[in-house]
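Features reported for this protein in Swiss-Prot:
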- Asp147: active site, proton donor/acceptor (ACT_SITE)
- Asn7, Glu384: Mg(2+) binding site (BINDING)
- Lys14, His207, Leu208, Gly209, Asn210, Gly211, Asp282, Phe283, Arg284, Gly330, Ile331, Gly332, Glu333, Asn334: ATP binding site (BINDING)
- Arg90: substrate binding site (BINDING)
Amino acid sequence: MNVLVINCGSSSLKYQLINSDSEEVLAKGLCERIGIDGRLVYQKEGLDKEITEAPMPTHKEAIQMVLDALVNPKTGAVKSLAEIDAVGHRVVHGGEKFSDSVVITEEVIAQVEECNDLAPLHNPANIIGIRACQALMPNVPMVGVFDTAFHQTMPEKAYLYGLPYEYYEKYKVRRYGFHGTSHSFVSKEAASYLGMDLNNSKIIVAHLGNGASVSAVLNGKCVDTSMGLTPLEGLVMGTRSGDIDPSIMEFIAKKENLDIDGVMNVLNKKSGVAGMSGVSSDFRDLEAAYNEGNERAIAAVEVFSYRVAKYIGAYAAAMNGVDAIAFTAGIGENTSFVREKIMAYLGYLGIKIDRVTNDKTRGVEALISTADSSVKVCVIPTNEELAICRETVKLVG
C-alpha cells in the first residue's frame with residue numbers, strides 16, 4: 001500500500017509518499033513559509049527537485065499543493081489520489097494518554113488537544129495538518145504516531161521529578177522524552193543488524209542532531225531517556241542548554257532584566273553549542289572551527305561529547321550493563337570525531353573503537369567497534385518517516 005507521511009510544523013510541512021511493500025520512497029519534499037508567501041519543494045524518486053513559489057495562506061492550501069504535485073500527469077508519483085491508501089501523521093506529544101500509535105478519530109484529536117500545554121508549538125500544528133488532510137481526503141484512514149509514545153514504558157522512578165507530587169497529579173509534570181519514533185526504530189534496527197534478540201538486550205541509543213537525546217532500551221522497552229517534560233532537558237544541543245542548575249534562570253533574569261519568556265528564549269534558542277562557541281549549531285562549522293584551534297568551538301565540542309558520555313554511563317548503570325550503543329541522526333551518523341571523543345570516555349565498559357571504520361562511516365549502517373570490544377558500537381541511520389509508515393500499515397494495512 002502507499003502511505004503518505006506528514007510531519008506538520010507551525011509554518012512548514014515535510015512529506016514522503018512511501019510504498020510500504022518495497023519501502024521505497026516514491027516522492028518527498030516540503031512546504032515552507034506557510035502563512036507567509038509559500039514554497040513547495042517536490043521530488044519524485046529519480047528526478048530533480050521541483051520548486052514552486054505560491055501562496056499558502058494555511059496548511060490546507062499547502063497539503064492541496066502536495067496532493068496536486070503527487071498526481072501531476074508529468075512528474076507525479078501516482079495516477080490519482082485513490083492510490084494513496086493511508087496517511088501517517090507525526091504527533092509530537094501524546095502525554096500519558098498514548099503509549100502506542102492510534103487510528104485518528106475525533107476522540108483522539110480531542111485527547112491530543114488536551115496535551116497542547118505540553119507542546120504549545122508543535123501539537124496545534126500537528127492537529128492542523130490532520131484536519132487539513134481529513135478535509136481533502138475524507139475517506140482515507142489516518143494514523144497518529146507520537147514522539148512520546150515509546151518512552152511511556154519508563155518506570156515511575158525514571159519519570160517522576162523531585163517536586164511536590166501534587167504538580168504531577170494536577171498538571172502531569174513528569175519526564176516524557178522525545179525522539180521516541182527514532183529511538184524505537186533505531187533500537188530495533190540495531191538489534192537486527194547486530195544479530196541480537198531485541199527482547200533480551202540492553203541497547204543505548206544516542207540520537208545526536210540539532211536536538212539530541214539518549215535512551216536506555218531494555219529488552220525492547222524504553223526504561224529511561226534524557227529529554228524531560230520538554231525537549232530542553234538532557235544533553236547540550238544545537239541551541240538548547242540541556243541540563244542546568246534551575247537557579248541560573250533567576251540569576252540571569254535579574255542580571256539581564258529578562259522575564260520568564262526571555263529566559264526560556266535564551267535556554268531554547270541562544271544556548272547549546274551555538275551559544276557556547278559563537279560559531280554555529282552546525283557541527284560541520286564547529287568541526288572546521290575546532291580544527292582551526294578556535295578555543296570556544298573546542299570547549300563546545302568537548303562539553304557536548306562529555307555530556308553524551310555521562311548519559312551513556314548513567315544508562316549502562318540503569319540497565320546494569322549494556323550490549324550495544326547505536327549512534328544516529330545528523331551528528332551521530334556523520335561526525336566521526338565526535339563519536340570517537342564520546343567513546344574515549346567509555347573504555348571502562350570494555351569498549352574498543354575501530355578508528356579506521358569509524359573515520360570513514362557517514363550515514364550508513366556500520367559496526368565501528370573492534371571484534372574484541374565488550375560492547376558493540378554501531379551507526380544506524382534513523383528513518384522516522386519509514387517508522388511512521390510501518391506503524392500506519394500495522395494499524396490499517
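Glycine too: its Cβ is placed from the backbone N, Cα and C atoms.
On the structure: features taken from Swiss-Prot.
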residue: Asn7; record: Mg(2+) binding site; contacts (Cβ under 8 Å, 6+ apart): Leu13, Lys14, Tyr15, His89, Arg90, Glu384, Glu385
residue: Leu208; record: ATP binding site; contacts (Cβ under 8 Å, 6+ apart): Leu235, Val308, Phe327, Thr328, Ala329, Gly330, Ile331, Gly332, Thr335, Val338
residue: Asn210; record: ATP binding site; contacts (Cβ under 8 Å, 6+ apart): Met237, Gly238, Thr239, Ser281, Gly330
residue: Asp282; record: ATP binding site; contacts (Cβ under 8 Å, 6+ apart): Gly238
residue: Arg284; record: ATP binding site; contacts (Cβ under 8 Å, 6+ apart): none
residue: Glu333; record: ATP binding site; contacts (Cβ under 8 Å, 6+ apart): Phe327, Arg362, Gly363, Val379, Pro381, Thr382
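Cβ neighbours of Asp147 (active site, proton donor/acceptor) (same chain, under 8 Å, six or more residues apart in sequence): Arg90, Val91, Val92, His93, Gly94, Phe178, His179, Gly180, Thr181.
Counting every protein chain shown, the number of other Cβ atoms lying within 10 Å of the Cβ of Glu384 (Mg(2+) binding site) is 22. Each of the binding-site residues Lys14, Arg90 was scored by the other Cβ atoms within 10 Å of its Cβ; the lowest score goes to Lys14. Among the residues Lys14, His207, Leu208, Gly209, Asn210, Gly211, Asp282, Phe283, Arg284, Gly330, Ile331, Gly332, Glu333, Asn334 said to bind ATP, no two Cα atoms are farther apart than 23 Å. DSSP gives Glu333 (ATP binding site) a helix state. Secondary structure at Lys14 (ATP binding site), taken from DSSP and collapsed to helix, strand or coil, is strand.
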